[in-house]
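Notes for the one structure printed next.
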Amino acid sequence: MLAQALLLQLGYNATLVTIGAALLGAAAGITGTFLFLRKRALVADAVSHATLPGVAMAFLIMVALGGEGRSLIGLLLGSAVSAMVGLWCMNALTRHTRLAEDAAIGAVLSVFFGFGVVLMTVIQSLGVGRQAGLEGFLLGSTAGMLFADAVTIALGGLAVLAVIAVMRRPMLLVSFDPEYAAAQGVNVPRVDMAMMALVMAVTVVGLKIVGLILIVALLIIPAVTARFWSERAGQVVILSGAFGGVAAYLGAAVSATAPNLPTGPIIVLFSAALFLLSLLLAPGRGVLAAILRHRRFQARVHMRQGLLALAQGQEIFEPLTRRLLRRAGLMRADGVATDDGRAQAAKALRDEARWAMLRRDQAQEAASAQYDGLRGIETVLTADQIAALDARIGAPKEAI
Amino acid sequence: MGSEFVPLSLPPLLIGAFAAVACALPGNFLLLRRQALIGDAISHVALPGIVVAFLITGAISTWPMMIGAAGAAVISVVLIEVIRRLGRIEPGAAMGVVFTAMFAGGVLLLEQTDTSSVHLDVEHALYGNLESLIWLDATGWGSLLDWDALRHLPPELPRIAVTLLGVVLFLWLFWRPLAISTFDEGFARTLGLRTTALGLALVVVAAIAAVAAFDAVGSIIVIAMFICPPAAARMMTNRLGVQVAWSVAFALLSAVLGYVLAGYGPLWIGMYDAVSAAGMIATVSGVILALTAVFGPCRHRAGAPAGV
């Protein structure tokens with residue numbers, strides 16, 4: 001069953017939904033990256049919650065006009081309108097009042113959602129809400145999705161991707177460095193607005209699959225995940241799209257295999273799993289890499305200090321230092337240096353003396369600034385310079 | 001009048017008002033500290049906490065669920081901090097990752113377990129059930145003095161009242177340190193105040209208020225009351241004490257007006273069913289915020305009253 005779902009063998013509609021989800025996930029991941037780099041990730045949360053009154057209002061209007069109120073396009077149009085109003089309110093609050101952006105986000109989110117809930121209860125009292133499946137917009141539901149709905153979603157995801165392909169240069173520039181973008185003649189407010197329009201489009205298209213409470217996860221988590229793997233903005237965008245697409249594809253496929261697996265939460269949990277893996281395993285910024293880096297650094301410090309202690313004939317008590325020296329074959333179990341150890345210890349002590357001499361020389365300020373107690377002096381000076389230093393220090397003393 | 005008002009409307013009205021004030025009070029400080037969205041995060045992660053508590057105890061009982069929700073809130077705050085530090089990610093994004101993932105986990109758990117026999121679903125967690133918190137033993141105003149009837153008050157009422165008392169006590173005890181560390185953290189540290197512990201204590205108090213309110217009235221009110229009344233109060237004044245007073249007034253006004261509009265408003269315009277009280281309270285608080293954003297004397301960033 002699962003293999004069938006992953007290979008798109010579960011019937012025409014399920015296949016279409018899975019492909020649509022993957023397109024949506026990719027579009028959301030890419031859009032979210034711009035938002036994340038712009039440090040406005042949670043704006044998406046306000047936009048998505050602000051869609052609820054629009055959905056309810058569109059339903060009421062369609063019913064009032066004598067329709068059934070089920071047309072997905074009509075509901076999505078309504079959600080887009082109210083998301084736009086919410087966005088406008090948020091901008092007005094941050095621009096014209098003293099409120100910070102986070103307060104504006106929270107205010108818009110809660111008030112619009114609250115008003116949406118009021119409208120939902122009105123619909124319930126009309127007695128036709130259940131049939132329309134409006135509840136599905138909260139958490140998303142792909143069960144019983146019509147063919148036309150699936151096509152709408154797939155096309156919507158594709159359209160967002162196309163717009164991003166056209167707009168990617170200015171959006172990347174603005175999200176990465178708005179001041180530089182402005183200096184380059186990019187109209188930053190307009191690009192910001194385009195970015196928000198894309199967020200809105202992703203939210204609206206994703207309402208049916210993921211639901212308005214969790215759609216923000218599709219915008220944030222892949223972007224944060226991708227950030228672990230690369231320091232280049234262009235690569236982060238592409239990776240984020242890939243992570244979002246994969247999570248949405250897997251989530252939609254898995255949720256099609258059993259009745260109790262709601263699509264939205266499954267997709268979100270798949271992206272959270274990808275995030276967790278990246279947090280732990282990513283090279284460079286991952287936790288494991290950081291621990292390894294720390295251990296390597298610790299070993300270098302202990303080794304160096306151990307060698308210096310050997311050279312000066314001091315006994316070493318620190319267990320980690322002893323272990324490292326013995327493993328490298330520089331010290332015997334009784335704490336006496338091997339021949340190899342004596343040679344390296346003498347070199348370490350000599351290097352210290354060279355550094356000390358170098359740092360006394362004001363003409364060599366740039367080189368001596370690199371001293372951190374670990375760096376080998378031959379990485380800073382040429383062989384000739386070291387020889388000149390040695391000449392000033394004098395001949396090596398008899399080994400102790 | 002009293003025979004209908006006291007059993008049916010007084011308890012939900014009081015619970016709504018207490019919950020609103022309990023959330024608005026810490027909300028003032030969270031707003032000033034740019035942590036306004038903590039309430040949003042907490043109310044989302046309460047769901048998995050409640051579901052896990054239900055799975056462990058196998059019954060809908062209040063204390064395990066409150067502990068579960070509070071535990072989930074603390075875990076989420078720790079996770080946000082861990083992810084922010086380990087991954088060097090901006091706090092907003094870290095928050096977004098944690099609360100959406102935990103909420104998704106909660107929804108999935110809820111769908112996977114058989115909760116058909118008990119009243120536990122996502123909509124309930126979002127909307128609350130303020131209207132159903134009625135006091136059937138009351139017969140009129142006299143019941144307020146009748147011990148037997150008082151014992152059958154909806155249990156949410158004493159719980160939220162105690163929570164409110166706790167919040168007030170916390171703010172009263174730590175008013176000066178909180179105020180100083182909110183406005184100038186560096187100065188507070190030079191005075192020897194433990195600002196990190198204080199910040200954490202504030203978040204914990206907010207979480208307790210959120211969970212208690214969440215239990216009674218659902219998460220919409222929690223998020224709205226953490227942000228809207230303090231934000232509206234901020235437009236009215238530059239002084240912290242006055243701001244807190246305004247926020248309490250706005251919270252009370254939202255709760256009472258919202259409840260009345262939800263219960264009776266539809267009747268006035270010729271409809272027969274009441275609408276969601278929680279949603280209406282949030283809506284009213286939004287209207288108040290909008291009014292203050294347009295007319296409030298201190299709405300501008302510079303802080304000077306308009307026209308001065």
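Cβ coordinates are placed from backbone N, Cα and C, and glycine is handled just like the others.
The transmembrane segment annotation in TrEMBL covers B:12-31, B:38-56, B:62-80, B:92-110, B:157-175, B:195-228, B:240-262, B:274-295.
Across B:12-31, B:62-80, B:92-110, stretch B:12-31 shows the highest tally of CB pairs under 8 A with the transmembrane segment (B:195-228). Here the transmembrane segment (B:240-262) touches the transmembrane segment (B:12-31). Their Cβ atoms form 3 or more pairs under 8 Å, with each pair 6 or more residues apart.
The transmembrane segment (B:38-56) makes no contact with the transmembrane segment (B:157-175): fewer than 3 of their CB pairs lie within 8 A, with pairs spaced 6 or more apart in sequence. Long-range Cβ contacts of the transmembrane segment (B:12-31) within its own chain (Cβ-Cβ under 8 Å, at least 6 residues beyond either end) map to 38-39, 130-131, 133-134, 154, 156-157, 160-161, 163-164, 167-168, 171, 178, 182, 202, 205-206, 209-210, 212-213, 216-217, 221-222, 225-227, 229-231, 233-234, 240, 243-244, 247-248, 250-252, 254-256, 258-259, 277, 281, 285. Note on the transmembrane segment (B:92-110): residues 37, 40-41, 44-45, 47-52, 55, 72, 76, 79-80, 83-84, 120-122 of its chain, located 6 or more positions outside it, place their CB under 8 angstroms from a CB of the stretch.
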